[in-house]
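> Okay, handing you the structure first.
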Amino acid sequence: GNQKATHSENSQGKKSQHAEEAIFYMNCRAAYLTVLKSSLENIKSKEQLSLVLQQAGRNPSQKTINKYWTSQTTSLNFDDFCAILKKEKPATKNELLEAFGKIDTDKAGYILHDELYKILTTRGDKMTWEEVATITKQADFNCSGKLDYNKFCELYLTTSEQCCKAARDRLEVDPRLRQQQFGNQTENSSEGITLPVSKPSPRISRKTDHKLAKGDSRAPSRPSSAQSGKASTSTTVAVGASSSRSTKLIIEPDTMKEWQCAQSKGCFYLEEDGEIISHKYRLHLPHRSAVCITIKPLNIPQAEGKSCPWLSVDTALFILKENETQENLQLVSFTELQNKETFGWRGELGSGVYWLLPFTTGCRLRKVKTQIPGEAKLVWRDEDGELALTKEFRAALLDIFETIDLDGNGLLSLEEYNFFELRTSGEKCDQEAWAVCKENFEMKRNELTRQGFMDLNLMEANDRDGDPWDLWVTLLSLGYNRALEMTEACPFVIDICAERCKARIKAISLEAGGSQLSRALCRSVVNKGEAKVLDGSENIIIHTYKSGSRITSVIENKSENKVIIHVNNEQSKNCLNNRGLTVFAVEVAPKSMMVSQHVMPLNEQEEWIYSCVHSLV
(Lines of atoms letter the chains of each structure in order from A and count residues from 1; the text may use other names and numbers.)
(Lines give C-alpha, C1' and ligand atoms only; values in the text may rest on other atoms or scores of the structure.)
Protein backbone atom coordinates (compact mmCIF):
# COMPACT_ATOMS: atom_id res chain seq x y z
CA GLY A 1 0.00 0.00 0.00
CA ASN A 2 2.82 2.38 0.91
CA GLN A 3 4.64 1.56 -2.35
CA LYS A 4 1.48 2.31 -4.35
CA ALA A 5 1.02 5.59 -2.53
CA THR A 6 4.65 6.56 -3.19
CA HIS A 7 4.33 5.60 -6.85
CA SER A 8 1.15 7.68 -7.09
CA GLU A 9 2.87 10.67 -5.48
CA ASN A 10 5.84 10.37 -7.87
CA SER A 11 3.47 10.12 -10.83
CA GLN A 12 1.57 13.21 -9.67
CA GLY A 13 4.88 15.03 -9.16
CA LYS A 14 6.01 14.25 -12.71
CA LYS A 15 2.67 15.37 -14.12
CA SER A 16 2.96 18.60 -12.18
CA GLN A 17 6.50 19.15 -13.47
CA HIS A 18 5.39 18.52 -17.06
CA ALA A 19 2.48 20.93 -16.65
CA GLU A 20 4.81 23.64 -15.31
CA GLU A 21 7.21 23.14 -18.22
CA ALA A 22 4.36 23.32 -20.73
CA ILE A 23 3.11 26.58 -19.18
CA PHE A 24 6.64 28.01 -19.21
CA TYR A 25 7.10 27.25 -22.92
CA MET A 26 3.65 28.62 -23.74
CA ASN A 27 4.53 31.89 -21.96
CA CYS A 28 7.85 32.04 -23.82
CA ARG A 29 6.15 31.65 -27.17
CA ALA A 30 3.35 34.09 -26.28
CA ALA A 31 5.83 36.83 -25.34
CA TYR A 32 8.07 36.14 -28.36
CA LEU A 33 5.21 36.24 -30.86
CA THR A 34 3.97 39.54 -29.45
CA VAL A 35 7.06 41.21 -30.88
CA LEU A 36 8.10 38.86 -33.72
CA LYS A 37 6.06 37.19 -36.47
CA SER A 38 7.46 33.68 -36.00
CA SER A 39 9.50 31.74 -33.46
CA LEU A 40 12.02 31.15 -36.26
CA GLU A 41 12.51 34.90 -36.68
CA ASN A 42 15.53 36.16 -34.73
CA ILE A 43 15.79 39.05 -32.29
CA LYS A 44 17.84 41.63 -34.22
CA SER A 45 18.60 44.35 -31.65
CA LYS A 46 18.94 45.21 -27.99
CA GLU A 47 15.67 47.10 -28.21
CA GLN A 48 13.84 44.01 -29.48
CA LEU A 49 15.40 41.89 -26.73
CA SER A 50 14.24 44.39 -24.11
CA LEU A 51 10.73 44.39 -25.60
CA VAL A 52 10.28 40.60 -25.63
CA LEU A 53 11.63 40.34 -22.07
CA GLN A 54 9.12 42.98 -20.95
CA GLN A 55 6.32 41.05 -22.68
CA ALA A 56 7.37 38.04 -20.59
CA GLY A 57 6.97 40.03 -17.37
CA ARG A 58 10.62 40.90 -16.88
CA ASN A 59 12.00 44.40 -16.36
CA PRO A 60 15.59 44.05 -17.62
CA SER A 61 18.23 46.60 -16.70
CA GLN A 62 20.75 47.76 -19.28
CA LYS A 63 23.32 45.61 -17.49
CA THR A 64 21.11 42.54 -18.00
CA ILE A 65 20.61 43.36 -21.70
CA ASN A 66 24.36 43.86 -22.18
CA LYS A 67 25.02 40.48 -20.56
CA TYR A 68 23.11 38.71 -23.34
CA TRP A 69 23.77 41.16 -26.18
CA THR A 70 27.54 41.62 -26.34
CA SER A 71 29.65 43.37 -28.96
CA GLN A 72 29.83 40.03 -30.84
CA THR A 73 26.05 39.43 -30.85
CA THR A 74 24.27 39.93 -34.15
CA SER A 75 21.03 38.09 -33.33
CA LEU A 76 19.35 35.83 -30.75
CA ASN A 77 16.90 33.06 -31.61
CA PHE A 78 13.88 31.69 -29.79
CA ASP A 79 16.04 29.06 -28.07
CA ASP A 80 18.29 31.80 -26.66
CA PHE A 81 15.22 33.72 -25.46
CA CYS A 82 13.86 30.66 -23.58
CA ALA A 83 17.26 30.11 -21.97
CA ILE A 84 17.38 33.78 -20.88
CA LEU A 85 13.91 33.55 -19.31
CA LYS A 86 14.98 30.47 -17.33
CA LYS A 87 17.88 32.47 -15.90
CA GLU A 88 16.21 35.85 -15.43
CA LYS A 89 13.39 35.19 -13.01
CA PRO A 90 10.69 37.86 -12.57
CA ALA A 91 11.10 40.02 -9.47
CA THR A 92 8.99 39.00 -6.47
CA LYS A 93 7.24 41.45 -4.15
CA ASN A 94 9.64 40.58 -1.33
CA GLU A 95 12.65 41.34 -3.54
CA LEU A 96 11.18 44.68 -4.60
CA LEU A 97 10.34 45.61 -1.02
CA GLU A 98 13.82 44.60 0.10
CA ALA A 99 15.37 46.90 -2.54
CA PHE A 100 13.20 49.83 -1.43
CA GLY A 101 13.94 48.96 2.19
CA LYS A 102 17.63 49.67 1.63
CA ILE A 103 16.69 53.26 0.75
CA ASP A 104 14.01 53.60 3.44
CA THR A 105 16.34 53.11 6.39
CA ASP A 106 13.65 54.37 8.83
CA LYS A 107 11.25 51.65 7.63
CA ALA A 108 8.46 54.23 7.28
CA GLY A 109 7.05 52.66 4.12
CA TYR A 110 7.61 55.89 2.18
CA ILE A 111 10.44 57.49 0.17
CA LEU A 112 10.60 61.27 -0.32
CA HIS A 113 10.30 62.33 -3.96
CA ASP A 114 13.50 64.40 -3.69
CA GLU A 115 15.43 61.32 -2.58
CA LEU A 116 13.82 59.21 -5.30
CA TYR A 117 14.82 61.75 -7.98
CA LYS A 118 18.39 61.77 -6.70
CA ILE A 119 18.73 57.97 -6.67
CA LEU A 120 16.99 57.20 -9.98
CA THR A 121 18.85 59.88 -11.95
CA THR A 122 22.35 59.13 -10.61
CA ARG A 123 22.56 55.35 -10.00
CA GLY A 124 22.34 52.18 -12.09
CA ASP A 125 20.33 52.63 -15.31
CA LYS A 126 20.02 56.38 -14.89
CA MET A 127 16.54 57.77 -15.61
CA THR A 128 15.73 61.30 -16.77
CA TRP A 129 13.89 63.77 -14.53
CA GLU A 130 10.88 63.47 -16.86
CA GLU A 131 10.81 59.67 -16.49
CA VAL A 132 10.94 59.90 -12.71
CA ALA A 133 8.21 62.57 -12.81
CA THR A 134 5.84 60.11 -14.54
CA ILE A 135 6.25 57.85 -11.48
CA THR A 136 5.82 60.57 -8.85
CA LYS A 137 2.70 61.97 -10.54
CA GLN A 138 0.78 58.69 -10.25
CA ALA A 139 -1.92 59.29 -7.63
CA ASP A 140 -2.28 55.57 -6.86
CA PHE A 141 0.91 55.45 -4.88
CA ASN A 142 2.00 59.07 -4.25
CA CYS A 143 0.90 61.49 -1.56
CA SER A 144 2.34 64.72 -0.08
CA GLY A 145 5.69 64.49 -1.86
CA LYS A 146 6.25 60.85 -0.89
CA LEU A 147 6.12 57.49 -2.70
CA ASP A 148 4.24 54.65 -0.99
CA TYR A 149 6.46 51.88 -2.28
CA ASN A 150 4.19 49.06 -1.00
CA LYS A 151 1.42 50.26 -3.31
CA PHE A 152 3.93 50.88 -6.10
CA CYS A 153 5.16 47.26 -5.89
CA GLU A 154 1.60 45.94 -6.01
CA LEU A 155 0.79 47.97 -9.13
CA TYR A 156 4.10 47.00 -10.74
CA LEU A 157 3.43 43.26 -10.30
CA THR A 158 -0.19 43.60 -11.44
CA THR A 159 0.90 45.44 -14.59
CA SER A 160 3.57 42.81 -15.27
CA GLU A 161 1.04 39.96 -14.98
CA GLN A 162 -1.42 41.83 -17.21
CA CYS A 163 1.29 42.15 -19.83
CA CYS A 164 1.92 38.38 -19.76
CA LYS A 165 -1.82 37.62 -19.85
CA ALA A 166 -2.35 39.88 -22.86
CA ALA A 167 0.39 37.99 -24.71
CA ARG A 168 -1.18 34.61 -23.81
CA ASP A 169 -4.66 35.81 -24.85
CA ARG A 170 -3.32 36.85 -28.24
CA LEU A 171 -1.81 33.39 -28.67
CA GLU A 172 -5.18 31.78 -27.84
CA VAL A 173 -7.16 33.99 -30.23
CA ASP A 174 -4.85 33.58 -33.25
CA PRO A 175 -5.24 29.98 -34.62
CA ARG A 176 -2.06 30.34 -36.66
CA LEU A 177 0.00 30.96 -33.53
CA ARG A 178 -1.93 28.49 -31.34
CA GLN A 179 -0.83 25.53 -33.48
CA GLN A 180 2.59 25.50 -31.83
CA GLN A 181 2.20 26.35 -28.18
CA PHE A 182 4.78 23.85 -27.02
CA GLY A 183 8.06 25.75 -27.14
CA ASN A 184 11.65 24.72 -26.76
CA GLN A 185 14.61 25.35 -24.56
CA THR A 186 18.29 25.04 -25.28
CA GLU A 187 21.66 25.92 -23.83
CA ASN A 188 24.19 28.29 -25.39
CA SER A 189 26.30 25.29 -26.34
CA SER A 190 23.41 23.95 -28.43
CA GLU A 191 23.35 26.62 -31.12
CA GLY A 192 21.82 25.40 -34.34
CA ILE A 193 24.14 25.09 -37.33
CA THR A 194 23.14 25.21 -40.96
CA LEU A 195 23.59 22.01 -42.90
CA PRO A 196 25.45 21.64 -46.19
CA VAL A 197 23.65 20.03 -49.16
CA SER A 198 21.92 16.89 -47.90
CA LYS A 199 23.63 13.56 -48.54
CA PRO A 200 22.44 10.09 -47.54
CA SER A 201 24.23 8.95 -44.40
CA PRO A 202 25.85 5.50 -44.58
CA ARG A 203 25.71 5.23 -40.75
CA ILE A 204 21.92 5.48 -40.47
CA SER A 205 20.19 2.56 -38.80
CA ARG A 206 16.45 2.03 -38.46
CA LYS A 207 16.78 -0.98 -36.17
CA THR A 208 16.04 -0.28 -32.55
CA ASP A 209 18.20 -3.16 -31.35
CA HIS A 210 21.36 -2.04 -33.17
CA LYS A 211 24.44 -1.86 -30.92
CA LEU A 212 25.56 1.69 -30.18
CA ALA A 213 28.96 0.68 -28.90
CA LYS A 214 30.70 -2.50 -27.88
CA GLY A 215 29.45 -3.57 -24.48
CA ASP A 216 26.45 -1.25 -24.60
CA SER A 217 22.99 -2.76 -24.78
CA ARG A 218 19.68 -1.37 -25.93
CA ALA A 219 16.47 -2.21 -24.12
CA PRO A 220 13.28 -2.55 -26.14
CA SER A 221 11.29 -0.62 -23.53
CA ARG A 222 9.69 2.61 -24.66
CA PRO A 223 8.42 5.28 -22.26
CA SER A 224 4.65 5.67 -22.31
CA SER A 225 4.99 9.37 -23.10
CA ALA A 226 6.31 8.57 -26.57
CA GLN A 227 3.09 9.32 -28.38
CA SER A 228 1.97 6.53 -30.63
CA GLY A 229 1.16 7.69 -34.13
CA LYS A 230 3.85 10.40 -33.93
CA ALA A 231 7.30 10.00 -35.50
CA SER A 232 9.68 8.90 -32.76
CA THR A 233 12.79 6.89 -31.96
CA SER A 234 14.19 5.54 -28.70
CA THR A 235 17.82 5.00 -27.73
CA THR A 236 19.00 3.06 -24.69
CA VAL A 237 22.61 2.67 -23.58
CA ALA A 238 23.53 0.74 -20.42
CA VAL A 239 26.99 1.45 -18.99
CA GLY A 240 28.58 -0.57 -16.19
CA ALA A 241 29.92 0.98 -13.01
CA SER A 242 33.17 2.92 -13.65
CA SER A 243 33.48 1.38 -17.14
CA SER A 244 33.05 4.85 -18.61
CA ARG A 245 36.53 5.76 -17.40
CA SER A 246 38.33 2.62 -18.58
CA THR A 247 39.30 3.64 -22.12
CA LYS A 248 43.09 3.93 -21.98
CA LEU A 249 44.98 6.52 -23.97
CA ILE A 250 46.88 4.81 -26.76
CA ILE A 251 50.12 6.33 -25.59
CA GLU A 252 52.82 4.76 -23.48
CA PRO A 253 55.03 7.28 -21.63
CA ASP A 254 58.18 5.47 -22.83
CA THR A 255 57.38 6.22 -26.49
CA MET A 256 57.32 9.94 -25.78
CA LYS A 257 60.56 10.40 -23.85
CA GLU A 258 62.20 12.26 -26.73
CA TRP A 259 59.10 14.26 -27.66
CA GLN A 260 59.04 18.00 -27.04
CA CYS A 261 56.22 19.19 -24.79
CA ALA A 262 54.37 22.45 -24.17
CA GLN A 263 51.77 23.21 -21.51
CA SER A 264 49.18 25.81 -20.64
CA LYS A 265 46.64 26.09 -17.89
CA GLY A 266 43.19 27.64 -18.14
CA CYS A 267 39.81 27.65 -16.47
CA PHE A 268 36.09 27.15 -17.07
CA TYR A 269 34.05 29.82 -15.28
CA LEU A 270 30.34 29.56 -14.63
CA GLU A 271 28.54 32.83 -15.31
CA GLU A 272 25.62 34.10 -13.22
CA ASP A 273 23.21 33.11 -16.01
CA GLY A 274 24.61 29.57 -16.21
CA GLU A 275 26.71 30.14 -19.34
CA ILE A 276 30.24 28.68 -19.26
CA ILE A 277 33.23 30.66 -20.51
CA SER A 278 36.85 29.54 -20.80
CA HIS A 279 40.23 30.41 -22.24
CA LYS A 280 40.70 29.72 -25.95
CA TYR A 281 44.09 28.88 -27.43
CA ARG A 282 46.11 29.19 -30.61
CA LEU A 283 48.53 26.34 -31.31
CA HIS A 284 51.44 26.76 -33.71
CA LEU A 285 53.27 23.77 -35.19
CA PRO A 286 56.39 24.72 -37.23
CA HIS A 287 56.60 21.25 -38.87
CA ARG A 288 54.38 18.25 -39.58
CA SER A 289 54.55 15.91 -36.59
CA ALA A 290 52.93 13.16 -34.61
CA VAL A 291 51.18 14.92 -31.74
CA CYS A 292 49.56 13.99 -28.44
CA ILE A 293 47.14 16.52 -26.91
CA THR A 294 45.54 16.04 -23.48
CA ILE A 295 43.31 18.05 -21.15
CA LYS A 296 42.34 17.35 -17.54
CA PRO A 297 41.15 19.25 -14.44
CA LEU A 298 44.05 20.90 -12.63
CA ASN A 299 44.75 19.11 -9.35
CA ILE A 300 45.82 21.77 -6.84
CA PRO A 301 47.07 20.28 -3.55
CA GLN A 302 44.65 21.19 -0.75
CA ALA A 303 44.92 21.41 3.01
CA GLU A 304 44.09 18.23 4.91
CA GLY A 305 40.37 17.58 4.95
CA LYS A 306 39.68 19.75 1.90
CA SER A 307 39.02 18.42 -1.60
CA CYS A 308 38.94 19.82 -5.15
CA PRO A 309 35.23 19.77 -6.07
CA TRP A 310 36.06 20.48 -9.72
CA LEU A 311 38.03 17.25 -10.30
CA SER A 312 34.86 15.39 -11.33
CA VAL A 313 34.05 17.96 -14.06
CA ASP A 314 34.33 16.55 -17.58
CA THR A 315 36.71 18.30 -19.99
CA ALA A 316 37.39 18.08 -23.72
CA LEU A 317 39.35 19.91 -26.41
CA PHE A 318 38.26 20.51 -29.99
CA ILE A 319 41.10 20.95 -32.47
CA LEU A 320 40.36 23.25 -35.41
CA LYS A 321 42.63 24.19 -38.31
CA GLU A 322 42.95 27.85 -39.20
CA ASN A 323 42.55 28.57 -42.91
CA GLU A 324 42.45 31.94 -44.68
CA THR A 325 40.13 33.49 -42.11
CA GLN A 326 39.54 32.88 -38.43
CA GLU A 327 35.81 32.50 -39.18
CA ASN A 328 36.54 29.56 -41.47
CA LEU A 329 37.91 27.02 -38.99
CA GLN A 330 37.90 23.36 -39.97
CA LEU A 331 37.34 20.62 -37.37
CA VAL A 332 40.33 18.28 -37.23
CA SER A 333 39.41 16.15 -34.23
CA PHE A 334 38.70 16.20 -30.50
CA THR A 335 39.92 14.48 -27.34
CA GLU A 336 37.78 11.32 -27.28
CA LEU A 337 40.20 8.94 -25.53
CA GLN A 338 39.85 8.81 -21.76
CA ASN A 339 42.09 7.63 -18.94
CA LYS A 340 40.44 8.48 -15.61
CA GLU A 341 40.06 12.30 -15.61
CA THR A 342 42.39 12.84 -18.60
CA PHE A 343 40.99 13.16 -22.13
CA GLY A 344 43.37 12.96 -25.06
CA TRP A 345 43.92 12.75 -28.81
CA ARG A 346 46.84 11.23 -30.70
CA GLY A 347 47.44 11.80 -34.41
CA GLU A 348 49.42 13.52 -37.14
CA LEU A 349 49.13 17.29 -37.67
CA GLY A 350 50.59 19.30 -40.53
CA SER A 351 52.51 22.53 -39.95
CA GLY A 352 50.41 25.64 -39.38
CA VAL A 353 48.11 27.34 -36.89
CA TYR A 354 45.37 25.51 -35.00
CA TRP A 355 42.73 26.60 -32.51
CA LEU A 356 42.10 24.64 -29.31
CA LEU A 357 38.61 25.16 -27.90
CA PRO A 358 38.08 23.72 -24.40
CA PHE A 359 34.65 22.28 -23.66
CA THR A 360 32.68 20.95 -20.72
CA THR A 361 29.09 19.71 -20.94
CA GLY A 362 27.77 21.67 -17.97
CA CYS A 363 26.45 18.45 -16.41
CA ARG A 364 28.70 18.82 -13.38
CA LEU A 365 29.75 22.46 -13.57
CA ARG A 366 26.43 24.09 -12.83
CA LYS A 367 24.60 26.36 -10.41
CA VAL A 368 23.83 24.48 -7.21
CA LYS A 369 22.14 26.04 -4.21
CA THR A 370 23.89 24.91 -1.05
CA GLN A 371 23.55 26.15 2.50
CA ILE A 372 26.72 27.97 3.59
CA PRO A 373 27.05 27.80 7.40
CA GLY A 374 28.84 31.15 7.61
CA GLU A 375 30.89 33.63 5.60
CA ALA A 376 34.65 33.10 5.74
CA LYS A 377 36.77 35.91 7.15
CA LEU A 378 39.21 37.42 4.66
CA VAL A 379 41.12 39.95 6.77
CA TRP A 380 41.92 40.61 10.42
CA ARG A 381 43.83 43.18 12.47
CA ASP A 382 46.91 42.26 14.48
CA GLU A 383 47.71 43.62 17.94
CA ASP A 384 49.14 46.77 16.35
CA GLY A 385 45.91 47.38 14.44
CA GLU A 386 47.51 46.50 11.09
CA LEU A 387 45.41 44.65 8.53
CA ALA A 388 46.47 41.15 7.51
CA LEU A 389 45.02 38.41 5.30
CA THR A 390 43.55 35.39 7.08
CA LYS A 391 45.16 31.97 6.64
CA GLU A 392 42.10 30.70 4.71
CA PHE A 393 42.11 33.68 2.32
CA ARG A 394 45.85 33.35 1.73
CA ALA A 395 45.34 29.67 0.82
CA ALA A 396 42.59 30.64 -1.64
CA LEU A 397 44.81 33.34 -3.19
CA LEU A 398 47.62 30.81 -3.68
CA ASP A 399 45.16 28.51 -5.49
CA ILE A 400 44.02 31.43 -7.63
CA PHE A 401 47.62 32.28 -8.46
CA GLU A 402 48.21 28.65 -9.46
CA THR A 403 45.17 28.80 -11.76
CA ILE A 404 45.96 32.12 -13.49
CA ASP A 405 49.68 31.37 -13.91
CA LEU A 406 48.92 29.88 -17.33
CA ASP A 407 52.49 28.94 -18.29
CA GLY A 408 53.24 27.51 -14.83
CA ASN A 409 56.52 29.40 -14.32
CA GLY A 410 55.54 30.63 -10.84
CA LEU A 411 55.18 34.25 -12.02
CA LEU A 412 52.38 36.33 -13.55
CA SER A 413 53.13 38.10 -16.81
CA LEU A 414 51.10 41.17 -17.79
CA GLU A 415 49.13 38.99 -20.25
CA GLU A 416 48.30 36.42 -17.56
CA TYR A 417 47.40 39.12 -15.06
CA ASN A 418 45.10 40.77 -17.60
CA PHE A 419 43.04 37.59 -18.00
CA PHE A 420 42.57 37.78 -14.22
CA GLU A 421 41.65 41.49 -14.42
CA LEU A 422 39.19 40.98 -17.28
CA ARG A 423 37.45 38.24 -15.34
CA THR A 424 37.26 40.11 -12.03
CA SER A 425 36.83 43.76 -13.06
CA GLY A 426 36.21 43.78 -16.82
CA GLU A 427 39.22 46.03 -17.37
CA LYS A 428 42.82 45.55 -18.49
CA CYS A 429 46.04 46.80 -16.94
CA ASP A 430 48.21 48.79 -19.39
CA GLN A 431 52.00 49.06 -19.46
CA GLU A 432 51.95 52.28 -17.43
CA ALA A 433 49.85 50.72 -14.64
CA TRP A 434 52.07 47.62 -14.74
CA ALA A 435 55.11 49.86 -14.19
CA VAL A 436 53.40 51.29 -11.08
CA CYS A 437 52.82 47.72 -9.87
CA LYS A 438 56.51 47.03 -10.38
CA GLU A 439 57.38 49.95 -8.09
CA ASN A 440 55.08 48.76 -5.30
CA PHE A 441 55.03 44.97 -5.46
CA GLU A 442 57.62 42.24 -5.79
CA MET A 443 58.41 41.29 -9.40
CA LYS A 444 60.98 39.15 -11.19
CA ARG A 445 61.80 39.60 -14.87
CA ASN A 446 58.89 42.06 -15.12
CA GLU A 447 56.46 39.39 -13.80
CA LEU A 448 54.52 39.46 -10.55
CA THR A 449 55.59 36.99 -7.84
CA ARG A 450 53.28 35.11 -5.49
CA GLN A 451 54.22 37.49 -2.67
CA GLY A 452 53.56 40.46 -4.94
CA PHE A 453 50.11 39.06 -5.74
CA MET A 454 49.37 38.63 -2.01
CA ASP A 455 50.49 42.19 -1.26
CA LEU A 456 48.33 43.51 -4.09
CA ASN A 457 45.25 41.99 -2.47
CA LEU A 458 46.28 43.27 0.97
CA MET A 459 46.57 46.77 -0.51
CA GLU A 460 43.03 46.41 -1.86
CA ALA A 461 41.80 45.54 1.64
CA ASN A 462 43.68 48.55 3.09
CA ASP A 463 42.22 50.86 0.45
CA ARG A 464 38.73 50.07 1.82
CA ASP A 465 39.87 50.17 5.45
CA GLY A 466 39.29 46.44 5.92
CA ASP A 467 35.95 46.28 4.12
CA PRO A 468 36.17 42.96 2.19
CA TRP A 469 33.47 43.90 -0.40
CA ASP A 470 35.91 44.28 -3.34
CA LEU A 471 37.76 41.12 -2.32
CA TRP A 472 34.49 39.16 -2.38
CA VAL A 473 33.67 40.54 -5.84
CA THR A 474 36.99 39.08 -7.02
CA LEU A 475 36.43 35.73 -5.30
CA LEU A 476 32.83 35.28 -6.50
CA SER A 477 33.79 36.10 -10.10
CA LEU A 478 36.47 33.38 -9.91
CA GLY A 479 33.93 30.73 -8.87
CA TYR A 480 34.32 30.81 -5.07
CA ASN A 481 31.43 30.68 -2.62
CA ARG A 482 31.25 32.46 0.73
CA ALA A 483 32.92 29.49 2.42
CA LEU A 484 35.99 30.00 0.15
CA GLU A 485 35.27 26.84 -1.88
CA MET A 486 35.75 26.95 -5.65
CA THR A 487 32.39 25.47 -6.70
CA GLU A 488 31.62 27.44 -9.88
CA ALA A 489 34.89 27.12 -11.77
CA CYS A 490 37.07 24.31 -13.06
CA PRO A 491 40.77 25.01 -13.67
CA PHE A 492 42.37 22.68 -16.23
CA VAL A 493 45.72 21.95 -17.80
CA ILE A 494 46.49 21.25 -21.47
CA ASP A 495 49.60 19.28 -22.50
CA ILE A 496 50.86 19.09 -26.09
CA CYS A 497 53.72 16.76 -27.01
CA ALA A 498 55.11 16.70 -30.55
CA GLU A 499 57.57 14.15 -31.94
CA ARG A 500 59.40 16.28 -34.52
CA CYS A 501 59.09 19.91 -33.38
CA LYS A 502 58.37 22.21 -30.45
CA ALA A 503 54.71 23.26 -30.36
CA ARG A 504 53.76 26.71 -29.10
CA ILE A 505 50.45 27.26 -27.29
CA LYS A 506 49.09 30.68 -26.37
CA ALA A 507 45.87 31.72 -24.63
CA ILE A 508 44.09 34.21 -26.90
CA SER A 509 40.80 35.03 -25.20
CA LEU A 510 38.49 34.27 -22.29
CA GLU A 511 34.93 33.91 -23.58
CA ALA A 512 32.02 31.57 -24.33
CA GLY A 513 32.53 28.86 -26.96
CA GLY A 514 30.15 30.45 -29.46
CA SER A 515 29.16 29.16 -32.88
CA GLN A 516 32.61 27.71 -33.68
CA LEU A 517 32.45 25.36 -30.70
CA SER A 518 28.78 24.50 -31.36
CA ARG A 519 29.57 23.66 -34.97
CA ALA A 520 32.56 21.51 -33.97
CA LEU A 521 30.52 19.72 -31.32
CA CYS A 522 27.66 18.86 -33.70
CA ARG A 523 30.04 17.81 -36.45
CA SER A 524 32.00 15.50 -34.10
CA VAL A 525 28.80 13.72 -32.98
CA VAL A 526 27.55 13.34 -36.57
CA ASN A 527 30.95 12.02 -37.72
CA LYS A 528 31.52 9.59 -34.85
CA GLY A 529 28.09 8.68 -33.51
CA GLU A 530 25.30 6.34 -34.55
CA ALA A 531 22.43 7.82 -36.54
CA LYS A 532 18.77 6.80 -36.35
CA VAL A 533 15.93 8.13 -38.46
CA LEU A 534 12.75 9.10 -36.60
CA ASP A 535 10.24 6.40 -37.52
CA GLY A 536 7.81 7.97 -39.96
CA SER A 537 9.94 11.02 -40.64
CA GLU A 538 12.84 10.38 -43.04
CA ASN A 539 14.30 13.89 -42.73
CA ILE A 540 14.77 13.92 -38.94
CA ILE A 541 17.87 12.07 -37.72
CA ILE A 542 19.01 11.60 -34.12
CA HIS A 543 22.79 11.17 -33.79
CA THR A 544 23.99 9.63 -30.51
CA TYR A 545 27.64 9.43 -29.51
CA LYS A 546 29.21 7.94 -26.38
CA SER A 547 32.67 9.22 -25.50
CA GLY A 548 34.07 7.96 -22.20
CA SER A 549 31.66 9.07 -19.49
CA ARG A 550 29.64 11.35 -21.76
CA ILE A 551 26.73 10.72 -24.12
CA THR A 552 25.73 13.49 -26.52
CA SER A 553 22.77 13.51 -28.89
CA VAL A 554 22.35 15.82 -31.88
CA ILE A 555 19.13 16.42 -33.82
CA GLU A 556 19.57 16.86 -37.56
CA ASN A 557 16.71 18.41 -39.52
CA LYS A 558 17.11 17.87 -43.28
CA SER A 559 13.61 19.09 -44.09
CA GLU A 560 12.54 22.46 -45.46
CA ASN A 561 10.47 23.19 -42.34
CA LYS A 562 11.23 23.85 -38.71
CA VAL A 563 10.44 20.98 -36.35
CA ILE A 564 9.77 20.69 -32.62
CA ILE A 565 11.23 17.55 -31.05
CA HIS A 566 9.96 16.31 -27.68
CA VAL A 567 12.76 14.74 -25.58
CA ASN A 568 11.88 12.32 -22.78
CA ASN A 569 14.46 10.87 -20.34
CA GLU A 570 12.04 9.42 -17.77
CA GLN A 571 13.38 5.87 -18.20
CA SER A 572 17.03 6.87 -17.67
CA LYS A 573 18.67 5.71 -14.44
CA ASN A 574 21.49 7.32 -12.45
CA CYS A 575 21.88 10.09 -15.08
CA LEU A 576 22.10 13.86 -15.12
CA ASN A 577 21.98 16.10 -18.19
CA ASN A 578 23.14 19.61 -18.97
CA ARG A 579 19.60 20.99 -19.14
CA GLY A 580 18.47 19.96 -15.68
CA LEU A 581 15.15 18.76 -17.17
CA THR A 582 13.82 15.22 -17.55
CA VAL A 583 11.39 16.24 -20.29
CA PHE A 584 11.80 19.18 -22.64
CA ALA A 585 11.36 20.21 -26.25
CA VAL A 586 13.79 21.49 -28.87
CA GLU A 587 12.90 23.53 -31.95
CA VAL A 588 15.24 22.88 -34.88
CA ALA A 589 15.31 25.26 -37.84
CA PRO A 590 15.11 23.93 -41.45
CA LYS A 591 18.33 22.42 -42.86
CA SER A 592 20.17 22.63 -39.57
CA MET A 593 21.27 20.58 -36.58
CA MET A 594 21.69 21.25 -32.89
CA VAL A 595 22.64 19.51 -29.66
CA SER A 596 19.70 17.86 -27.96
CA GLN A 597 21.50 17.12 -24.69
CA HIS A 598 24.65 15.94 -22.94
CA VAL A 599 24.24 13.15 -20.37
CA MET A 600 26.62 11.82 -17.72
CA PRO A 601 26.34 9.40 -14.78
CA LEU A 602 25.25 10.86 -11.48
CA ASN A 603 27.36 8.27 -9.65
CA GLU A 604 30.11 6.61 -11.68
CA GLN A 605 30.49 3.85 -9.12
CA GLU A 606 27.08 2.48 -10.14
CA GLU A 607 25.59 1.33 -13.44
CA TRP A 608 23.87 4.08 -15.41
CA ILE A 609 21.29 3.74 -18.15
CA TYR A 610 20.65 6.37 -20.78
CA SER A 611 17.16 5.81 -22.16
CA CYS A 612 15.79 8.61 -24.29
CA VAL A 613 12.83 8.99 -26.62
CA HIS A 614 12.86 11.72 -29.28
CA SER A 615 9.46 12.29 -30.85
CA LEU A 616 8.06 14.80 -33.32
CA VAL A 617 5.53 17.19 -31.80
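Including glycine, each Cβ sits where the backbone N, Cα and C put it.
Just so you know, TrEMBL annotations are computer predictions that nobody has curated.
The compositional bias 'Polar residues' annotation in TrEMBL covers 178-192. The compositional bias 'Basic and acidic residues' annotation in TrEMBL covers 206-219. Summarising the annotation, TrEMBL assigns compositional bias 'Low complexity' to 220-239. The domain 'EF-hand' annotation in TrEMBL covers 91-126. The region 'Disordered' feature in TrEMBL is assigned to 178-239.
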> Report, as numbers and ranges, which residues of the same chain sit near the domain 'EF-hand' (91-126): CB under 8 Å and 6 or more residues beyond its ends.
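Residues packing against the domain 'EF-hand' (91-126) from afar: 59, 61-63, 132, 135-136, 142, 145-150, 153-154, 156-157.
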> Limited to the domain 'EF-hand' (91-126), I'd like the whole-number average of pLDDT.
82
> Go ahead and report the DSSP secondary structure tallies for the domain 'EF-hand' (91-126): helix first, then strand, then coil.
21 helix, 3 strand, 12 coil
